[in-house]
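TrEMBL lists 1-28 with the feature region 'Disordered'. Summarising the annotation, TrEMBL assigns domain 'Casparian strip membrane protein' to 32-171. Annotated transmembrane segment per TrEMBL: 39-57, 77-98, 110-136, 160-178, in sequence order.
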Amino acid sequence: MMEKRASTPSPMDIMGGSRDEEDGSCSSNVTTMRTAETLLRLVPMTLCIAALVVMLKNSQTNDYGSLSYSDLGAFRYLVHVNGICAGYSLLSAVIVAMPRPCTMSRAWTFFFLDQVFTYVILAAGAVSLELVYLAYKGDTEITWSAACGSFGAFCHKATASIALTFVAVACYAVISLISSYKLFSRYDAPVANSSNIAAF
């Protein structure tokens, strides 16, 4: 009787198994990165909504009169920008969460929009911060007296809203770096010409 030999895996089988394991780990890493980016895009949404709500409720009435965020153009701009950025963050998080292949056009779109919204919310925060600074310190050269001595609660809420906005700016800056990396990592590094190097 011929004894049946135990089948031993061939080198190709071993290589195929390792390749399958590598593909599984790669897909797992892609899923983890997608989840992390989705959560990162949801963080500024919550911050923008919080800043928006704080500013919307910011009004004060006392013996000196009444003051509301709607009386100041910079604060109205901040509210509008926070609302728009919150909507963009939610939309982009939903798109990123979908398991779709990242095409070049999609990478360019995220790169462009992330840059735009980062600078837009940064501008809104900077303008509002300047206004709050003048409200606290005043400006004698233009006869602008400090208003926070009379409307302290209003200034405190405005400061809290601006602080939340700048935290959202930091999140958008990180998101912009990620989208920049995802876009430009698709391009090959420029190849140096050996003849030019030798001549130099």
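Each residue, glycine too, has its Cβ placed from N, Cα and C.
When each of the listed stretches 39-57, 110-136, 160-178 is scored by C-beta pairs under 8 angstroms to the transmembrane segment (77-98), 39-57 comes out highest.
Residues 37, 40-41, 43-44, 47-48, 50-52, 54-55, 58, 78, 82, 85, 111, 114-115, 117-118, 121-122, 124-125, 128-129, 132 of the same chain lie 6 or more positions beyond the ends of the transmembrane segment (160-178) yet place their CB under 8 Å from a CB of it. If you look at the transmembrane segment (39-57), the same-chain residues 6 or more away from its ends with a CB under 8 A from one of its CBs are 69, 75, 78-79, 82-83, 85-86, 89-90, 92-93, 96, 121, 157-158, 160-162, 164-165, 167-168, 171-172, 174-175, 178. With DSSP states grouped into helix (H, G, I), strand (E, B) and coil, the domain 'Casparian strip membrane protein' (32-171) comes out at 110 helix, 10 strand, 20 coil.
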